[in-house]
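The annotation Mg(2+) binding site is assigned in Swiss-Prot to Asp341, Asp347, Glu350, Glu351. The domain 'B5' annotation in Swiss-Prot covers 288-363 and is backed by sequence analysis. If you look up Swiss-Prot, you'll see 586-681 marked as domain 'FDX-ACB', on the strength of sequence analysis.
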Amino acid sequence: MLVSWKWLSRYVDMTLSHDELVDRLSLSGLNHEGSETVDGDVVIDLEVTSNRGDCLGHIGVAREIAALTDQKLKIPTIEYQESGSAVDDSLAVTNEMPEACPRYTARVIRGVKVGDSPEWLQESLKAVGIGVVNNVVDVTNYVMMECGQPLHAFDLAKVGEGKIVVRPGKEKEQLEAIDHRNYDLNDSTCVIADSSAALAVGGVMGGASSEVTEATADIVLEAAEFVPLSVRRTARRLKLHSPSSFRFERRVDPVGIDWASRRACQLITEIAGGSVAPGVIDTAPEIPARETVLLRPKRVAALLGLEIETAELDKILRSLGCEVSAFADGLQCVPPSWRHDLTREVDLIEEVARIHGYDQIPEDSPIPVAPSSKRRFDTAMERIRGVLTAAGISEAMTPSVVTEKLDQMISPWTELPALQTRTSMLEGARTLRRSLIPSLLQSRAANWASASLVADLFEIAHVYLPAPAGSDSALLPDETYHIGLIAGEDFFALKGTIETLCDRLGIPGELTVGPVQRDGFAKGGAVELTLVGDDAKEPLRLGFLGFVDGKLVKQWKLTGRVVAAELSADVLVNQSRLVPQQQAVSSFPSIQRDLNLVLPESVRWNELAGLVRKAAKERLADLTYRETYRNEKVDGPNKKRVLFSMELQSQTETLSGGDADSIINELVASCEKQLEAVLLR
């Protein structure tokens, strides 16, 4: 925004030097981009933010200067005479597009003499980079640069049947603008038209067919409000930007529309002669009142860190055009019509800080800061990511919406059909996935095809499990976080990773496995993971682990076997103990014992480990699986030997060999009774 020093001095006394002024304006939010001298005038280039459309005119900038320097703003007094027949006798206006043009006003001036503008007007426009056209057009540009309200003048004789219609453009309709280029219009374009053709693109630029020339005698003066989004879209589509569209995109003062129209009538009649027809055509004369905003001095002190007297707050807000009145806890403020950005208490506090001076805020002011902390869920997720990454598994991110074919490959959690979106989120994808494994399988195949032969992946994301029919939430899915994993051939390595994950999360109890059959997993190659003991009153289903069906592996053109797992993040987080619990280190020596048991083939390691822990209780310091050996000739069919090590230790005394033997004997007796075990001596 270019502003002229001479022009500003018409509205406010310029008591500051150039350097002082630009520094104060910069500190208050109007950044100084540069200055230059034009014909003895100093022109200042200011950066105006998108919420300060009121500063896109000299009066708006002068108002800021007056507030900063504690002076009165001098607004021009408007006086002119109306004569002749009423405006309704010469012109009719119809607004068929109020959603794009909420308000349209028009006045008629008869008998103007179009010619060159006076020297002072030409100098004012040239100083701020506006070209000189003729006295009527120059006045409309002058008023725009004065108050920020764009205006447009039509030649009344060129307005068909004296009718102006604000309407949508028509398909294949064209308009030659005043830049003498043709533009294609459509039904999204707000058009100012007469009874037969378009005369202007609303809020952007007028048309050549109705522009004011030296032959013009009667003019129609337009002053309107156009919706910013409509103007922005039209200007972008047509690649046609103008000073008018720039201002309409940032909103104009609805009350200032009439002021700008009357100001232009005054200047035109003074410079070009003519008479203003009595009255004005206004499609929306009723302007909604601004809502009251409360300002509390205590809140000002809390946010800025300094005390400002209520009288000073009152003075600052009045200097900005607010209507201020007192109430019990502070001030009631009605923002001025030109400040669309003042809607909340914090907005008023920002204005106080700007005018009072950001430099007045003490650097060491105690600003209250609300302490923040991570959610338990976020802390757990960080730890999970750390464990899985340390295990050499890379994190993947895949879409939550997949194809129906992909979702049906593996769904261990439910057999209910997946929910569908009404429209495809991705090409051909409308299904809210019920499992992460199919997406990870697809990602592993894509990595494999790109020569990334080691593509062990995990993902933490939502799955959407359909609710059973007839339940209260049948229309909405159970949207929960799951952890999906996919790796190479080693089933036990992935199981060990899951056990490590539970250990690092401090989950008490025991991770057990049980055979299960689910579509998508190899027959006899899948287990259900369950947490039992300690905090869990009942066994909790943690998830599933198993070999992917060979048909799917072949379908994705993968080699070797693929192991996949999916865990419930909610179960992991709810059972975790994220704050480590200190355990005393025993000062007494431990005893190591190795046991070799002959067991039925059906006995799983977790059953044996459970009996060991039950027998040794708190004296079991460590339990380590060593190996499994089978010899049908010696032990018989369906038998196996399991070798494991026990470390026994007490926190209160030194265990003797007899103590250790007693524990071992109790363990062996339990195994013989419950597992049909035989101890090899």
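In case you wondered, yes, glycine gets a Cβ from its N, Cα and C as well.
Listed in chain order, the extra residues whose Cβ falls within 8 Å of the Cβ center of the Mg(2+) site residues Asp341, Asp347, Glu350, Glu351 are Arg339, Leu342, Arg344, Val346, Leu348, Ile349, Arg354. For the domain 'FDX-ACB' (586-681), the predicted model reports an average pLDDT of 91. Highest Cβ count within 10 Å among the binding-site residues Asp341, Glu350, Glu351: Glu351.
Broken down with DSSP, the domain 'FDX-ACB' (586-681) shows 38 helix, 32 strand, 26 coil. Mapped onto three states, the DSSP output places Asp341 (Mg(2+) binding site) in coil. The DSSP breakdown of the domain 'B5' (288-363), given as helix, strand and coil counts, is 33 helix, 13 strand, 30 coil. Annotation for Asp347 (Mg(2+) binding site): same-chain Cβ neighbours under 8 Å, separated by at least 6 residues, are Val293, Asp341.
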